[in-house]
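To start, the structure itself, in structure tokens.
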Amino acid sequence: MRGTVVGSIQLFNLFGQIFAAGVNRGYSTNATRKGWIVPVSIQAVVPILIFFGTFMIPDSPRWLLSKGRKEEAIQVLDRIRPKEDVQAGTSRLEIEAIDDSVHSEHGKAPWTDMVRGTNLRRSAIAVGLLGVQQFLGQGFVSGYSPRFYATVGLSKNAFNYNIGSSAVGWIGCLIGMVASDFIGRRSVLIWGAMAQTVFLFLVAGVGLAKHPTTTDGQALVAGVMLYFFFYSGTWGPLCFTVAAEMGSASLREKTLSLGIALNVVTAFVVSFCVPYILNDIGANIGWVFGGIAFACGIIVYFAVPETKDRSLEELDELFLARIPARKFKTTQTYGAGSRVTALENSAASKIKGADDGDRLAHVEEVA
């Protein structure tokens with residue numbers, strides 16, 4: 001369920017984007033002070049809701065374990081588990097398995113540990129995915145699509161197209177965040193990057209027409225919407241999901257924090273540069289972002305492992321064993337991490353894995 005739950009971040013982002021696009025459409029012709037005060041002021045509502053909502057969020061069971069609060073950790077799991085699992089004591093078994101696996105490394109590790117040993121690989125994947133996400137071109141759709149449409153001669157319905165793109169992206173995200181828990185993160189990221197490449201190149205190709213027809217305009221709009229559909233269903237939510245799964249127990253907070261910080265910085269850079277790029281090259285911007293998307297798909301194939309159906313403790317074992325990214329899916333583990341995986345899926349007697357795949361019996365970290 002991690003893919004669905006963490007991916008919901010993008011789902012709510014897109015819901016806000018649809019709402020914002022509608023508000024902007026409504027005030028796009030208002031030349032008074034209300035034309036900008038109302039759209040800007042409405043944005044203050046969400047942070048207020050988030051602030052009060054944080055008081056209802058339970059602490060992470062793993063964090064509670066790191067503080068020696070085992071009973072509270074069990075209670076948190078009991079709140080989200082089915083009644084029959086609670087009665088069977090599955091939550092306690094899972095907490096004990098997690099405690100056996102990660103108790104020794106739950107201390108606060110320094111930032112420098114992020115680039116030491118196997119942590120370097122994990123940090124590079126998490127920070128790299130979140131850092132490159134903004135360079136796939138979503139910024140020119142979510143933030144500047146009305147301007148883009150105006151640049152290519154489609155200004156009449158620019159705001160309507162913007163709302164349409166956001167709505168299509170929301171549907172894509174809804175499908176994608178569920179698919180990641182059934183198909184797998186790695187496959188969705190790879191094919192998502194390839195699909196984005198195709199439609200970004202389509203947009204750029206149509207934009208080459210010196211005397212575009214109505215059909216060309218429709219093809220361009222369709223290309224933008226389909227690109228955003230695949231972005232929102234793949235790289236949009238999954239970069240956060242995979243990044244959250246990459247860090248070791250002692251560095252998970254730092255790894256994700258650094259990745260998100262870089263994501264914010266790159267978002268600012270892209271948002272700052274896109275208007276100038278659009279003015280200079282118009283639809284040819286598709287060649288730029290499409291090329292980056294293609295390169296990202298290739299890098300994911302060689303560098304990003306499959307994390308679906310693995311507990312965080314099981315991922316620790318796989319990284320410590322230096323398993324290649326392409327073999328994560330077929331490697332069987334038999335340590336404490338595999339017990340956590342089985343208990344997370346309420347199947348203590350059955351450990352998921354490929355019976356005929358590569359097998360990993362035990363891992364020890366040697367200083």
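Backbone N, Cα and C define each Cβ position, glycine as well.
As written in TrEMBL, here are the features:
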- 1-308: domain 'Major facilitator superfamily (MFS) profile' (DOMAIN)
- 36-57: transmembrane segment (TRANSMEM)
- 161-179: transmembrane segment (TRANSMEM)
- 188-208: transmembrane segment (TRANSMEM)
- 220-244: transmembrane segment (TRANSMEM)
- 256-278: transmembrane segment (TRANSMEM)
- 284-304: transmembrane segment (TRANSMEM)
Cβ under 8 Å to the transmembrane segment (284-304), counting only same-chain residues 6 or more beyond its ends: which ones?
-> 124-125, 128-129, 132, 135-137, 140, 148, 185-186, 189-194, 196-198, 200-205, 207-208, 223, 235, 242, 274, 277-278, 325-326
Positions on the same chain near the transmembrane segment (161-179), where near means CB under 8 A and six or more residues out = 3-4, 7-8, 10-11, 14-15, 17-18, 21-22, 24-25, 141-142, 145-146, 149, 154, 188, 192, 221, 224-226, 228-234, 236-238, 241
Across the domain 'Major facilitator superfamily (MFS) profile' (1-308), what is the average pLDDT of the model, as a whole number?
-> 85
